[in-house]
Amino acid sequence: MGRPFEVGAAVGALVRELRAAGEPAALERLRSRAGLDERAARNLVAHLADQAAATGAVPDDRTVVVERFRDQLGDWRVCVLTPFGARVHAPWSLVAAQRLRDVVGSDVQAIHSDDGFALRIAEVDRLPDMAGLFLDPDTVVAEVTEQLEGSSMFASRFRENAARALLLPRRRPGQRTPLWQQRQRSAGLLQIVSRHPSFPILVETYRECLRDVFDLDALAGIMRAVRARQVRVVEVETAQPSPVASSLLFEYIAKYMYDGDAPLAERRAHALSLDRELLAELLGSDDLRELLDPNAIDATELELQRLDETLHPRDADGALDVMRLVGDLSDEEAAARGITAVWRDELLGTRRVVRVRLAGEQRVIAADDAGRYRDALGVALPPGLAAAHLGLTADALSALVRRYARTHVPFVAADVAMRWALPVGGVTEILTTLTRDGDIIAGHFRPGGGDREYCHPEVLQRLRRRSLAALRREVEAVPAQTLARFLPAWQGVGSDARGPDRLMEVITQLQGMAVALSVLERDILPARMAYDGRLLDELIAAGEVVWQGRGAMGRDDGRIALFLRSDAGRLLAPPSDPPQSDVHAAIRTRLRERGATFARDLLDACPGVPLDEVVDALYDLVWAGEVTNDTIQPLRFLGPVRRHPRRPLMRLVPPRAQGRWSLVASSREELAGATERGVALAQTLLQRHGVVTREAVAAENVPGGFAALYPVLRAMEESGRIRRGYFVEGCGAAQFALAGAVDGLRSQRAPVATTVLLAAIDPANPYGAVLPWPKLAGRAARASGSFVVMHGGELRLYIERGGRSMLTCGEVGEHDLEALSTVAARIGRIDLQSIDGEPAAAHPLAPTLREAGFVPSPRGLVVYPQRQGAAHARADGRG
């Protein structure tokens, strides 16, 4: 609960008396009356002296210090330092933070301890008046009460009180309930009871916080003393945090540094927002290699070295300023900075710059630097220089190294040594001295760097700000087209990997997705690997993969879903609307009694029923999700069946009935319950989509829709397993994602000029599901047999089932049309009758299609796989 106010006041009085007594008397008092040994006494006195030197005052029972400073990112930190204890500082910080939020209009983070509280205010140029930090003693209770319910402390105390009142019973007596589940149930209960202000547990939580946890009487007393000027307020702005403020910043680092489940951009942004020196002290590390943005480093180098064209000089005077800023330059280096030969010769003629030989080449330096280069590097100067430029320079080489650091991004000692032909050991010694003096920071900064590097503090601050700005842009939601680039990459579209391991990986992502086998094997699986149907047969026969029917498509076809055997029990759907005829019942009974059974045995279980009717009844059970097979081969023979009006003496089992048939689950107990299945389904959708939205769930036809999965996704987010945020523009606020998926999504921000062909119903195609169809000249649908062509995430072509019509979007290029050869190979031919609702032969795209191999037909334009291939062979120079 923190230090009581009375103890804090006593500590403050002791501090005041020690400072007034002077060092000898303070040491004697601490040794004789406080029981400290010599070392402890000196450390305490030195600590108070350091605080006084940093802020000009030490917080005590009569002094409140308000210290403000900018961190290395330029964000303001305001530390209110007093000894009065956490029971005073906690409510004070609640109200102070909200007041600043109201004034600056941005988030304000607060941390408190026994020694004060700290506020972090981002993206504000000027701080508001600090008088707002001090409360009206007459309204302290009202202001704290107003802010209390939204605090984490109130939520924590409410959870504890609700548990003691048995309002959060354990689901399984004798077993501990995970903390995240306690928080989830407590948050739900608090949301409900908040509508009833007189609810006993709610009232008790307010009472406990306002009376037992907070000391509002003491806080009001302090505010009265400040108003009466019995307690003085010292406001000070410092360059670095004082010793007491540093301890508060440790609290901030401890709270925010371990947010390890966040996506990469958020983790790097948090790390960059911490104070680098305190972080290094806390972790024993000065490594920023994973935090600084390489593009920020490159851009900063161009600016510091005046290589950026926008910073080039406009006249000879500007050229001289560049030389004074950057230092010695060869003629080529000067030209790269926009210094023309005319300006250089003019400056040489007026002796404002001189030419010297340095590191084996001719360079020009500003005349102002002549004495420094002579004393530091032994450079021979030309005669005739003014005496004002030739005075002795103390520690000249250190001055040159400091300037080198100011005008370069992180560098190693060898860079400086090579620049001026110096021994590396000597340069390292100078850099070590400058680091000790605080002029240069040593550490590991460049991504991929290995050796110890050095950087000027102002340059490092600039790099951190620029990197953080880039990361904050990454945290912003990505445009919708980025999702269309991400999904194919996330699902491995375009991979040419082969073998059973790759097929297992693909099925892991696709399990539970209902699709016709013909589309699965023709369009979806080949898009992700070098597919061979025999691999799927082998995995099913080995028991690694199972399949389940998911509804008929007409009389002779239907959809199936694949599952890994290890996940099937949690993902298999209960039979939907099971058929109830006598034949169906007989087949069920035989399968339940004998297990895996051949179709001939099922025929024996239905005496007097023709074989075709038994097979039809069997497939009724298949499409209802009740029956499966130990091979996928029978489904490949589906199609119109020739009916026999009379039963011959002997009939062979048709190919579509071959293999051994079995019940998907011999009993309902083998299927997972609703909760377990919901968790498994949420995990599967996350694996498939990376980012799960309401629209993605709707496209999957999940029973109960998004509302059924939302509690599961929210619980997974609260437990830290997934992230919730606004990741994709226009996809609603309720978006849940795997952390790795968020990183992958953001990595696709930059458009890549790649063309992707997908079946319209492929889950890697977001259009018509997660994203709306763009404006087209006709109606597009996610129909089986239709295709889409995307270029850089933008929809370019929609080919209707059968290839009779095509819709275009945007500028269709040659690479987009090349994808039509793959479509023709899959469906036999493309016989285009209309494009964008117009006759295909009259469409503006017709000449381009003819060049790609299409030929006129009575209905429009037609292409066959062989002709298309030959056309591209000629275009590629192969025919």
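Yeah, the Cβs are placed from backbone N, Cα and C, and that goes for glycine too.
As given in TrEMBL:
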DOMAIN    58-245  domain 'Lhr-like DEAD/H associated'
DOMAIN    290-390  domain 'Large helicase-related protein winged-helix'
DOMAIN    478-564  domain 'Large helicase-related protein winged-helix'
DOMAIN    674-751  domain 'Large helicase-related protein winged-helix'
Rounded mean pLDDT for the residues that make up the domain 'Large helicase-related protein winged-helix' (290-390): 92
Summary of DSSP states over the domain 'Large helicase-related protein winged-helix' (478-564), given as helix, strand and coil counts: 39 helix, 18 strand, 30 coil
Number of helical, extended and coil residues in the domain 'Large helicase-related protein winged-helix' (290-390), per DSSP: 54 helix, 13 strand, 34 coil
Secondary structure composition of the domain 'Large helicase-related protein winged-helix' (674-751) [DSSP: H/G/I, E/B, coil]: 45 helix, 9 strand, 24 coil
